[in-house]
Amino acid sequence: MHPMLNIAVRAARKAGNLIAKNYETPDAVEASQKGSNDFVTNVDKAAEAVIIDTIRKSYPQHTIITEESGELEGTDQDVQWVIDPLDGTTNFIKRLPHFAVSIAVRIKGRTEVAVVYDPMRNELFTATRGQGAQLNGYRLRGSTARDLDGTILATGFPFKAKQYATTYINIVGKLFNECADFRRTGSAALDLAYVAAGRVDGFFEIGLRPWDFAAGELLVREAGGIVSDFTGGHNYMLTGNIVAGNPRVVKAMLANMRDELSDALKR
């Protein structure tokens, strides 16, 4: 096992255990709004602290980028840990048992290690660049769909970017005519992990942040899939507009989305 994967798994499990314990005691959860339709809890912050502490013990010099604390610069800028301590906070607050810890390690701009941990199902999705993706140690392969016929597509509403609501609904309408059904679960990290596992055939979302998809992107790639922006390029790290699936599914999704995109979403 890659030494950084070992630490990422340890950190994810520790944070996941903390989250699961707090899920059982909802009276101890304190939620607040940090932005439009964007929530944070004391559990997000406590889970983040556990992850940072675990990383710092082994790699004190590395840079850490987190959803709640921003960038914590280390002396080694080439190695960045990109963390979402609780992806699916709204689900957690509402006691919907679908959320995850997401940890990725980027070295010189390339994601090398990924962990997405679902503490409620005890499902640990892991990947190391060039060595495949696993779920609880078993090798993952994505969907073998050849087109959109019969596919299940996952997505997330652009609740932080409602200016795109009409465009988004138009894209959904276009894809709905081609696929079998949609799933909207509330955790982009798990959506991407499910693409890697073949549980859903494709995924798209507008305006994600790097910590939402950094780990999931590598899971998809290592399970034989591809990830692109809405025009088939690689600008999603900047825009957060992301499409994922096997190459044929992504190609078909992009073809259906193309005519519905506003200029802002073509970047």
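Each Cβ is built from the backbone N, Cα and C atoms, and glycine gets one as well.
For reference, Swiss-Prot has these:
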- Glu67, Asp84, Leu86: Mg(2+) binding site (BINDING)
- Glu67, Leu86, Asp87, Gly88, Thr89, Arg183, Asp212: substrate binding site (BINDING)
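The structure, with features from Swiss-Prot marked on it.
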residue : record                 : DSSP class
Glu67   : Mg(2+) binding site    : coil
Asp84   : Mg(2+) binding site    : strand
Thr89   : substrate binding site : helix
Arg183  : substrate binding site : strand
Asp212  : substrate binding site : helix
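Largest Cα to Cα distance within the recorded substrate binders Glu67, Leu86, Asp87, Gly88, Thr89, Arg183, Asp212: about 24 Å as a whole number. A Cα-Cα distance of 12 Å separates Gly88 (substrate binding site) from Glu67 (Mg(2+) binding site). Ranking the binding-site residues Glu67, Asp84, Leu86, Arg183 by how many Cβ atoms sit within 10 Å of each one's Cβ puts Asp84 at the top.
Cβ neighbours of Thr89 (substrate binding site) (same chain, under 8 Å, six or more residues apart in sequence): Phe39, Val40, Thr41, Asp44, Phe99. Non-local neighbourhood of Asp212 (substrate binding site): Asp84, Asp87, Ser102, Ala188, Ala189, Gly240, each in the same chain, at least six residues away, with C-beta under 8 Å from its C-beta. Across the structure, Arg183 (substrate binding site) and Leu86 (Mg(2+) binding site) place their CA atoms 20 angstrom apart.
Packing around Asp87 (substrate binding site) is summarised by its Cβ count: 29 other Cβ atoms lie within 10 angstroms of its Cβ, all protein chains included. Here the Cβ of Gly88 (substrate binding site) has 25 other Cβ atoms within 10 Å, regardless of which shown protein chain they belong to.
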